[in-house]
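According to Swiss-Prot, the features are:
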type     : residues             : note
ACT_SITE : H745                 : active site, proton acceptor
BINDING  : C38, H40, C127, C130 : Zn(2+) 1 binding site
BINDING  : C85, C88, H105, H114 : Zn(2+) 3 binding site
COMPBIAS : 1-14                 : compositional bias 'Basic and acidic residues'
COMPBIAS : 405-414              : compositional bias 'Basic and acidic residues'
COMPBIAS : 450-466              : compositional bias 'Basic and acidic residues'
COMPBIAS : 521-533              : compositional bias 'Basic and acidic residues'
REGION   : 1-62                 : region 'Interaction with ERCC1'
ZN_FING  : 36-153               : zinc finger
Amino acid sequence: MRVKDPSKDLPEKGKRNKRPLLPHDEDSSDDIAVGLTCQHVSYAVSVNHVKKAVAESLWSVCSECLKERRFCDGQPVLPADVWLCLKCGLQGCGKNSESQHSLRHFKSSGTESHCVVISLSTWVIWCYECNEKLSTHCNKKVLAQIVDFLQKHAFKTQTGAFSRIIKLCEEKREAGEIKKGKKGCTVPSVKGITNLGNTCFFNAVIQNLAQTYILFELMNEIKEDGTKFKISLSSAPQLEPLVVELSSPGPLTSALFLFLHSMKEAEKGPLSPKVLFNQLCQKAPRFKGFQQQDSQELLHHLLDAVRTEETKRIQASILKAFNNPTTKTADDETRKKVKAYGKEGVKMNFIDRIFIGELTSTVMCEECANISTMKDPFIDISLPIIEERVSKPVLLGKMSKCRSLQETDQDHNKGTVTVGNAHQPRASRKHSSPNDKNQLSHDRKHLRKWPSEEEKTVVTHPKNDNLEASPPASTLSTEASLNESLTDGSERDASLESSVDADSEASEPEIASKQPVLLRSRGDSCGHAEQHPHLPLASELPQAKETHGGEEEMAEAIAELHLSGTVTGNRDFHREKQPLNVPNNLCFSEGKHTRLHSAQNAFQTLSQSYVTTSKECSVQSCLYQFTSMELLMGNNKLLCEDCTEKRRKCHKETSSAEKKAGGVYTNARKQLLISAVPAILILHLKRFHQAGLSLRKVNRHVDFPLTLDLAPFCAATCKNISVGEKVLYGLYGIVEHSGSMRGGHYTAYVKVRVPSRKLSECITGRKTAAGLKEPDGELGGHWVHVSDTYVQVVPESRALSAQAYLLFYERIL
C-alpha cells in the first residue's frame, strides 16, 4: 500500500476539465480574422493542379533558377525560401530573394489570378493581392487540405534529392530544339569533380576533355571487345583492306571512357575521379602523392598513355589476323604485309585523328640558297608570353650582313625577323663555346610534339654527347612479335619530367652542347633527332639528353620483331626510341627531307601575315612571334653541307683530316609554319619560366579570340587546304591558373554547346542522321566556370577575362 507524499499534490481533474480553451497564440487569431475576410482563396486555389504539378517537378526548387543551371558542390545554387503557387503549382523564389520569381509569376499571370502562395519552409500562406498572411481555416477546408498534402509530400521527399535536375533541364532544352527543327541535338551537361587532394590540375583538364565531344564519340565506337576495325592501304592499293577484331581497351582508356560517360549522365552529381586518377598514376608515377602538378604535363601524360594502349591494341589485332607470326614462322611476304597494315592502322588511333598536327621547319642557307624542310608532329603549341618591359638594344653591327636580306624579304613583316643569338637564353650564351656555331635559337623548344617513328633515331651518350641516327624503318630486320616492340611512353616520360616543369621556360636555359650535331627534332620532353644533310644544328642537344632515360627499353624493343618501325608515316608519333648506328649511305624517306628551289614558295603562308599593334599581347601576336622568321648567325650559324662540299671540291689536294674539320658555317634563315592542322587545337601559354635561380610566373593577361583564323600561320603547302582559304577554330575550353608558383589553383571554363555535326563527319568519314541542321556560323551555347565541384554559369565576358594557361579550340568547318 502506497503512502501519499504530503509534499506532492494530486492533480485536480475537475478544475482542469473546466479550464476554458485558449487560442494557440495571437498570430493564429489574427490569421483567422484575416483569412475570413480574403476574397481570393475561392478562385486562386486549385488542389488538382497543385497535386499534378508537384508530382511532375522537383520539390522545393525554384523552376526559374533551375533553368539558369547554377551549381555549387554538385548541388543547385537555389534560394532556401521557395514559394508554391496554389493555383498552378509553380515553385519560385520568394520576394526577399534576388530574383523574386514567385512575385514575378503573380504579376505576369494576366487575367487568371495566381495571388495565393505558400512557403515550403515555414508553411505560411500569403495573398499577394491582400498583402497579408492567410489561415488554413478560411474558405472551409481547401487550404487545410492542400497544406496537409504538401506536408506529407515533403516528408516523403528525401532531402538533397536532385538527381533529376539536369535531366529535366535537358528534356526542356531538347523539347525546345525539336520545335526549332533540331531534333536529336542535345546539349551535354556539366558536373563537378571531387578534389582528391591537390588534384585541381587534373580536374580542370578532364572538364575540357569532357566537352571535347568528338573524343567521346570516337572512343564510343571502339569501346567493346571484338569491335571490327577496317584498315585500308592508300599507299599499296594492290593489297585488299584488312578487317581485324580489336581486343578490349586498355585499363586507362577504359577508365577514361567510363568517366567521360558518367560526366554525360544526368542522374549523378559530383563525380569522384579516383579510379581514373589511379590508373593514370600507374602509367605516370610522378602524379602520385597528391602534390601540386602542372596541367599541361598532365594532359600530355594522359593522352600519351591512352595512345600507347590504343597502339598496342591495334598492333595486336593485326598480328592476330596473321596468326601471330614470329621470326621462325613469318616469311618475307607476311612481314611486308604486317608492316604495311601496321603503318596505316596505327595512324587510325583516335588520339592522332583528333589532337595531332604538324609543323614544318624551313631553313635556307644565305650563301648557296639551298632550302631544306623538316616536319614535326605536335600535340599542342607552346607560346611564350612577351612581358611589358624595356628590352636591351641589339647591336646592329652584328646584323649588317643580314640587313639587306631582312629588308627585302620581310619588308611588310619587319617585326618578325629575329636574330637567333638575341633570343638565346642568358645561361646558354654563358656556357657556349666557339664550337657552338650551329646552335639554334631556344625558340625551337616552344613546341611540344610527339615524334614520328622515323624521327626517333637519337641516342644520347652522357659522356661525349654524341648522337647516332638510325636507318629508315624499312631497312630494319624483323625479330619478334609486334606488340613487344612498344614501351610505356608515359612511364618513361614520368622519369624525364619528375623534377622540372617540362613546359615552363625553366627547362630552357640549359648548357648547350659543345659538339655539333646533325639535327634535332622539335620537342620538350620527347626529344628525337634524325640525320639531316643540310641542317646540322647543335642547340637542341640539351633536349636530346632527355632521351637517355628510355635507352634500355629501346634496346630491348629493337632486339625483337621490329614491326612498329614501319607502322608510322609522317603523321605517326610513337614514343619509343631505337639506339642504332648511323650508316654512311643513309637514305631518307620522301617527305622528311625535301629540297626546295624557290625561296618565295618556301616561306609562303595560306594568307597574308597577321599585323600586330603596339603593345599587343594576344594569342595572334604570340603565334605571330612563334612563326616569324629568324636569322641564324653568330653562334647559331648553320653548318651547311652543300657549302662544305663545294669548298672540299675546290681543295682536292687537302688531306682527309683537313677535309673532316673543314666545315662551312653560314648565315641562314629559319621559319616555323603549321603544315597540317588538327581537329582540336590546344595552345599552351608559357606562364612559368626561370628568373635567375628561381621560377616565376608571368601574370600578364593574354587576349584570346572566340574564333581564331590559323591561316596566317600555316604554310602554303598545308595539307587539304588551298591558298587563300581560312582555317577557323572556335574556342570551347580554357584552363586557368590563378595564384603564384608556390600556391595556385586550376579551374576550367567550358562552353556547353551542340556537338558539331560537320566536324564529326570530317573525322569519322560518315554522314550523320539526315534532317539535322547545324546553325550557321558559330554554334550557340553558354559558358560554365568549374572549380572542382563548384559549377556556375558565367557570362562570356568573364570567360574571356580569364588568365588562360591552356586554350582548347575545335575546327569550324
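Including glycine, each Cβ sits where the backbone N, Cα and C put it.
Sequence features annotated in Swiss-Prot and their locations in the structure.
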residue: H40; record: Zn(2+) 1 binding site; contacts (Cβ under 8 Å, 6+ apart): S113, C115, V116, C127, E129, C130
residue: C85; record: Zn(2+) 3 binding site; contacts (Cβ under 8 Å, 6+ apart): Q91, G92, S102, H105, F106, H114, V116, V117
residue: C88; record: Zn(2+) 3 binding site; contacts (Cβ under 8 Å, 6+ apart): S46, H49, V50, A53, H114
residue: H745; record: active site, proton acceptor; contacts (Cβ under 8 Å, 6+ apart): C200, H737, S738, G739, S787
Inset, instruction - Tally every other Cβ atom lying within 10 Å of the Cβ atom of C130 (Zn(2+) 1 binding site). - result: 17
Inset, instruction - For the region 'Interaction with ERCC1' (1-62), would you mind checking the mean pLDDT of the predicted model? - result: 61
Inset, instruction - Look up H105 (Zn(2+) 3 binding site) in the DSSP assignment and report helix, strand or coil. - result: helix
Inset, instruction - Using DSSP with the three-state reduction, classify C38 (Zn(2+) 1 binding site) as helix, strand or coil. - result: coil
Legend entry - Other residues, Cβ within 8 Å of C85, C88, H105, H114 Cβ centroid (Zn(2+) 3 site): L86, K87, G89, L90, G92, S102, F106, S109, V117
Legend entry - CB contacts for H105 (Zn(2+) 3 binding site) [other CB atoms within 10 A, all chains]: 21
